[in-house]
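Beneath this line is the structure, given in C-alpha cells, with notes to follow.
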Amino acid sequence: MPPSSLRVVYAFAREMHPKTSDVFIQYGTAGFRTKANLLEHVVYRMGLLAVIRSRVKNGRTIGMMITASHNLEPDNGVKLVDPDGEMLEQSWEEIATRLANVSDNDLESTTEQVIKQVNADMSLKASVFIGMDTRYTSPRLAAAAANGVIALKGTPKEFGIVTTPMLHFCVKCRNDNTYGTPTEEGYYEKIVGAFKNIRDKLPVYGDYNTTLYVDGANGVGGKKLNIIRKSLDGELDLNLYNLGGNGGKLNLNCGADFVKVSQTPPVGVEHAPFQRVASLDGDGDRIVYYYLDDKEKMHLLDGDRIATLLASYVTELLRASEASGLRLGLVQTAYANGASTRYITEELKVPVSCVKTGVKHLHHAALAYDVGVYFEANGHGTVVYSKAAKNAISKIAQEGEPEQRKAAQLLQNFIDMTNETVGDAISDLFLVETVLRARGHGVRQWMEAYTDLPCRQLKVTVQDRNAISTTDAERRCTAPEGLQSKIDELVAAYTSGRAFVRPSGTEDVVRVYSEADTQEAADKLAAEVAQAVFDLAGGVGERPALPA
Ligand code: NG1
Ligand code: ZN
C-alpha cells in the first residue's frame, strides 16, 4: 500500500473516532482497560494495529475482543489475540501503547513508522475477527474496531456477543483447521460435544449428582450456557442465575472475581446445602466453584483447587493408558494458596512452576510440559497438550490393550473438551464436571484434598504504582527501598505467614496478598503490609487501618 493511502487513517480518526482525552493509556496484562468513554479512539487504532499484525503474520487472522472482563459496567477494554489464539506477543504491547496515545494529527505518520518498524507487507490480505461482551458500550467500540480494520483495507468479521475464549477459539480454528470450525457453533460442537461423548464411558454414581447451579455474573458466559443447557439432555442439569435480566448488573456483587476476592456468595443465587455452584466472570474466561454447608458457611473451590483436580485426574489417566515419557506439570502464580502448592508437590508429586501474574506468562510456562495445567487462583486457566502427547494418546486409543485404550479415549475426550487457547469458564466447567463424575465425588470429597491457608487480598492507592518493582515471580520487591525488609519483618511474626505486594496491571493500585494460619492473622498481616506500602511507597488518601 503506498503511503498516500494512509490518509484515510486520519480521515476516519478525525471524522468518526477522534481522540478526545489526553489521559495516557497503557496496554497492560489484559490489553487496554478503562472507562468506556475514553476508549473509542483507542479501539479504532487497535483495529489498525490488528491489520498490521495480520500482515506481519502473513495474512493469518488476528482477534480483537471488546471487554473489561470482571470490571463493572462503566468500564470497557480491548485486547488483541494472536494467530494461535494466544495473547498478543509482548513486544507489541509497547507499539500498541504508542499508537493509542499519539494525537490524531500524528496518527498517520505514527502508523507509517509502525508499518516500517515491523516490516509489514501492506499488499497482503489481512483478516481480523472481532467479538464483544454484553456491555452497552461494546457495540459502539466494536464498530470503531471494524473501522480501524477497514481503514487499512483489512477484512473484519464480526462475531457479535461471544465469550472471550470463544473468540480465541475461533481465531485459532481459522488459522489451523485441524483444531475445529471457526464459529460459535463449531465451539459448541467440539467442546460440548466432547462432554456429551463421555456419557457412556462415565456413568453417574456415588456422591456426584448432575445438578449444577451457575452464577453468570450478568455477563455473556451465562447467556451462552443457557444455549448449551438445552442440548445437554440431562447429562448436566444447569440451574442458571444472574443471566442479566431482572435489573441484575454486570459483575456487581456477583461473578467469579467478587466471590474469590470477597469470599462471600454472590447475590441473586439460590442456595441449598452442599449444592455446588460455579461462578463465572463477565466475559466467561474465569470460573470458581463454591458451596454453602448446612450452617451456611461458604467453602470456596478456586483456581488452585480446579488445577489440582484436573492435574490429578489427567495423571491418573496417563498412568492407566501407560503413555510413557510424557511430562505433566502445573503452573501457578504467587497468588496460589501455599497449601495447594504443598499438596501438588508432596502428594501429587507433580512439578510446579511459579511465574508472574498474567495469563501469557502462565500459558508460556505450561507449554514446556507435554501436559501443562495452568491456573491463576482467581479461576483463569486451562490445560495445554504437546503434539507428542496428542500423538501418543491417539496411538494408544487405537492400538492399546482394552484398559489402556479406555483411558486414552477418555483422555481424547478430555483434550477435545479443553479450550487450549486461553482460560475458558465453559470449557473448565465441563472438565471439572467430568472429573467429579468419573470419581463419583461431590463437593465435600473435592474439598478434602487439602485445607487452604486463610488468605487476604487488599489494594493500596499510591502516587505511582510503578514505584514498586518486583523479582522472583513477584514474590519479593526490590523497590522502594526498605519495603521488602519491612515485609519480611512483619511476616516473621506469623505462623505459616507469607505476604507480597505488586503493582496491578489492570487497575491503578498496588495489590497486597497475605496468608497465615488463621483468618484473623491473615487479615492483620495484610493490613500491616498495606500500611507499610502506604508509608514507604507514597500512599494517597487515608492510611489503611488495622482490623478492629
Ligand atoms: P492485576 O490487576 O495485574 O492484578 C488481574 C488479576 C490477574 C489477571 C488480570 C487480567 C489477580 C490478583 N490479578 O491482574 O490474575 O487475571 O487481572 O484479567 O487476580
Ligand atoms: Zn475475564
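Using N, Cα and C of the backbone, Cβ positions are placed for all residues, glycine too.
Feature annotation from TrEMBL assigns domain 'Alpha-D-phosphohexomutase alpha/beta/alpha' to 61-101 (among others). Residues 24-28, 30-36, 39, 41-43, 45-51, 53-54, 107, 110-111, 114, 117-118, 126-133, 135-138, 141-142, 145, 164, 167-172, 174-176, 217, 249-252, 255-258, 281-283, 285-286, 359-360, 363, 420-422, 506 of the same chain lie 6+ residues outside the domain 'Alpha-D-phosphohexomutase alpha/beta/alpha' (61-101) yet bring a C-beta within less than 8 angstroms of a C-beta in it.
The Mg(2+) binding site feature in TrEMBL is assigned to SER69, ASP281, ASP283, ASP285. Close to ASP283 (Mg(2+) binding site) in the fold, though at least 6 residues off in sequence, lie MET65, THR67, ALA68, SER69, HIS70, ASP133, THR163, THR164, GLY219, VAL220, GLY221, each with a CB less than 8 Å from its CB.
Annotated active site, phosphoserine intermediate per TrEMBL: SER69, in sequence order.
Taken from TrEMBL, the feature domain 'Alpha-D-phosphohexomutase alpha/beta/alpha' applies to 113-172 (among others). In terms of DSSP secondary structure, the domain 'Alpha-D-phosphohexomutase alpha/beta/alpha' (113-172) contains 29 helix, 13 strand, 18 coil.
What TrEMBL lists as domain 'Phosphoacetylglucosamine mutase AMG1' is 181-288 (among others). Mean pLDDT, taken over the domain 'Phosphoacetylglucosamine mutase AMG1' (181-288), works out to 96 on the 0 to 100 scale.
For 302-440 (among others), the entry in TrEMBL reads domain 'Phosphoacetylglucosamine mutase AMG1'.
In this view, PRO503 (substrate binding site) is surrounded by 21 other Cβ atoms within 10 Å of its Cβ, with every protein chain counted. Per TrEMBL, substrate binding site is recorded for GLU376, ALA377, ASN378, ARG502, PRO503, SER504, GLY505, THR506, ARG511.
Here the domain 'Alpha-D-phosphohexomutase C-terminal' (487-531) has long-range neighbours at 28-30, 33, 71, 334-335, 337-338, 357-358, 453-462, 465-466, 468, 470, 474-477, 537, 543-547, meaning same-chain residues at least 6 beyond its ends whose C-beta is under 8 angstroms from one of its own. Look at TrEMBL and you will find 487-531 tagged as domain 'Alpha-D-phosphohexomutase C-terminal'.
Proximity to ligand 1 at the level of Cβ atoms, with a cut-off under 6 angstroms, picks out SER69, GLY505 from the binding-site residues SER69, ASP283, PRO503, GLY505.
Secondary structure from DSSP puts ARG511 (substrate binding site) in a beta strand. PRO503 (substrate binding site) falls within a strand segment according to DSSP.
Once Cβ contacts within 10 Å are tallied over all protein chains shown, the binding-site residues SER69, ASN378 are led by SER69. One way to see the shell of the Mg(2+) site is to take the Cβ centroid of SER69, ASP281, ASP283, ASP285; the remaining same-chain residues with a Cβ within 8 Å of it are THR67, HIS70, ASP133, THR163, THR164, GLY219, GLY221, ALA256, LEU280, GLY282, GLY284, ARG286, HIS380, ALA425. Packing around GLU376 (substrate binding site) is summarised by its Cβ count: 24 other Cβ atoms lie within 10 angstroms of its Cβ, all protein chains included.
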